[in-house]
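> Could you have a look at this structure, given as structure tokens, before my questions?
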Amino acid sequence: MDFLHVAYKNFIENVDKRLTSWVLIHSSSIVPMIVGIYIILLLVNGGWYRDIFIYCVPVTYSTDPASMKIASGMWWTLILKIVDLIETEIFVLRKKNSQITFLHVYHHISTVLLIWLGVRYFAGGMACFLPLVNCSIHVIMYTYYFLSSLGPEIQKLILPYKPILTITQMVQFVVLLLHLIQAFLPSCNVPKLPVFITFINIIINFLLFYNFYQKNYKNPKLLEGSWWALLTKLVDLIETGIFILRKKNRQISFLHLYHHVSTVLLGWMFGKYYADGMVRLVQMFEKLFIDINSYLPSLKW
């Protein structure tokens, strides 16, 4: 019995040490991931999908349960961003300069200031779209960090996907800019100054992330893929020319002609000068979506 007792005690102590060590190592990625998911659930349960969605919805400043969930979600977002900023300060104090860039510092400081502005004055309405999208991206990001902390084998396995993290950040900024544009319309009854400040800040962040992507993830394969994408646009333009020669005027419109001509010209420009940017990736997804959408009606369900 004494032997079993000692063996059990040693086993528990070893498990406790390993568990404590595991938690300490992985908590920096697990905790933000869990908090991010919690924020998303708060915003969705608070009525983002039901009452707000992607439209122009001014802040109501109501204290009903749904509005308070939205405000709570934005408050937790601020806490999460403050933690990110503190982590950056720790890197500075520990002189880990390789992990600190102007992008890193500017992004975290500007995000804290903007989220604080939102929580203080606009905790609701269409303003909740920013933390919703941002937290969704950060859940993906911290999931990657968590997986990369599990060992060199997994790091090697997921390393090719690292550039996608930067691309998703840039896609996030494009989505946020498109969402914010409606706030400048006279029919959208929201304060224009904070919208303008947020709009400019998102553009700056996009340019910084794009510059980071250019410097760190240039890939000759993307150049090759870029020219293949241009070739598909040329085929589309040739198809339009064939329609004209066959006098199928019902299939030709100014939209049709302008779209294919301008796309070839822009495709050449980006293929020539910006081939390794995110623009080509977005265009390829657009092409894939259009092709699928054209193919589906021909199927017999």
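Cβ from N, Cα, C; glycine included.
Okay, these came from TrEMBL:
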TRANSMEM  21-44  transmembrane segment
TRANSMEM  74-93  transmembrane segment
TRANSMEM  105-123  transmembrane segment
TRANSMEM  129-147  transmembrane segment
TRANSMEM  159-181  transmembrane segment
TRANSMEM  193-213  transmembrane segment
TRANSMEM  257-275  transmembrane segment
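Distances, neighbours, how buried they are, the whole picture for these features please.
Away from its own ends, the transmembrane segment (159-181) comes close to residues 54, 126, 129-130, 133-134, 137, 140-141, 144, 195, 198-199, 202-203, 205-206, 209-210, 212-213, 216-217, 219, 278, 281-282 of its chain (Cβ-Cβ under 8 Å, at least six residues beyond either end).
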> Can you work out which residues elsewhere in the same chain, 6+ from the ends of the transmembrane segment (193-213), have a Cβ less than 8 Å from its Cβ atoms?
101-103, 106-107, 110, 114, 117, 121-122, 130, 163, 166-167, 169-170, 173-174, 176-177, 180, 183-184, 276-278
> Would you kindly list the residues that approach the transmembrane segment (129-147) from elsewhere in its chain, counting only those six or more residues past its ends and only Cβ-Cβ distances under 8 Å?
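Apart from its flanks, the transmembrane segment (129-147) reaches 26, 28-30, 32-33, 36-37, 39-40, 43-44, 48, 52, 54, 73-74, 77, 80, 111, 114-115, 118, 154, 158, 161-162, 165, 168-169, 172, 175-176, 179, 198.
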